[in-house]
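The structure that follows is given in the form of structure tokens.
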Amino acid sequence: MMVAIGSDHGGVNIREEIKKLMDEMGIEYKDFGCECGTSVDYPDYALPVAEKVASGEFDKGILICGTGIGMSIAANKVNGIRCALVHDVFSAKATREHNDSNILAMGERVIGPGLAREIAKVWLTTDYEGGRHERRVGKISEYESKR
Ligand code: RB5
């Protein structure tokens, strides 16, 4: 599995924590920034990561900003992206099983690094269930294909 990870200035600490986690788990990743000591704009990181996942170059993406909201809004503009904004472990599992989410967004001003690690660990290791969920996810893809 190859993961694209990025954050704005509001998500640097959790980004570093999740990189450590992926090192421990033996998961390959590429860090898309930011290289920031100053304020940057979250779409500049969300959109490149989302494009890389949508193109298939990366299997999954992880995006962190202050709330996770800006990252998730921007990433979900890219066709083929199902970005889930998650701040609890239950939803991390459910969104992989039910939505086949391909990007995880989190907010560093909302949760701490310990919970972010647990969320990412579950999200990275949970498989999509398919079955009845195929029809639902398929309806989203079908809508996107007509735009
Ligand atoms: C940056 O101040 C902040 O707006 C950003 O990190 C994020 O929370 C946006 O949704």
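From the backbone N, Cα and C atoms, a Cβ is placed for every residue, glycine too.
Whatever TrEMBL says is automated annotation, not expert-curated.
Copying in the features that TrEMBL gives for the protein in this structure:
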- D8, H9, G66, T67, G68, I69, G70, N99, R109, R132, R136: D-ribulose 5-phosphate binding site (BINDING)
- C65: active site, proton acceptor (ACT_SITE)
- H98: active site, proton donor (ACT_SITE)
Would you work out the biggest C-alpha to C-alpha distance among D8, H9, G66, T67, G68, I69, G70, N99, R109, R132, R136, the residues that bind D-ribulose 5-phosphate according to the record, and give it in angstrom as a whole number?
39
So which of the recorded positions D8, C65, G66, G70, R136 sit close to ligand 1, that is, with a CB under 6 Å from an atom of it?
D8, C65, G66, G70
Who sits close to R109 (D-ribulose 5-phosphate binding site): which same-chain residues at least 6 apart have their Cβ under 8 Å from its Cβ?
G10, G66, T67
Ranked by the number of other Cβ atoms within 10 Å of their own Cβ, which of the recorded positions H98, R136 ranks first?
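It comes out as H98.
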What's the number of neighbouring CB atoms sitting within 10 A of the CB on G68 (D-ribulose 5-phosphate binding site)?
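Step by step: centre on the Cβ of G68 (D-ribulose 5-phosphate binding site), count other Cβ atoms within 10 Å, giving 29.
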According to DSSP, folded down to helix, strand and coil, what is R109 (D-ribulose 5-phosphate binding site)?
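Its secondary structure by DSSP: coil.
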So which one is it: of the binding-site residues G66, G70, which has the fewest other Cβ atoms within 10 Å?
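Checked G66, G70; of these binding-site residues, fewest Cβ neighbours within 10 Å: G66.
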Count, for each of the recorded positions D8, C65, the other C-beta atoms lying within 10 angstroms of its own C-beta, and report the residue with the smallest count.
D8
Measuring Cα to Cα, how many angstrom lie between R136 (D-ribulose 5-phosphate binding site) and C65 (active site, proton acceptor)?
28
Could you tell me the C-alpha distance between G68 (D-ribulose 5-phosphate binding site) and H98 (active site, proton donor) in angstrom, no decimals?
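It is 20 Å, counting Cα to Cα.
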Quick one: Cα separation, H98 (active site, proton donor) versus G70 (D-ribulose 5-phosphate binding site), in Å?
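With the alpha carbons as reference points, the distance is 23 Å.
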By the DSSP assignment reduced to helix, strand and coil, which category contains G68 (D-ribulose 5-phosphate binding site)?
coil
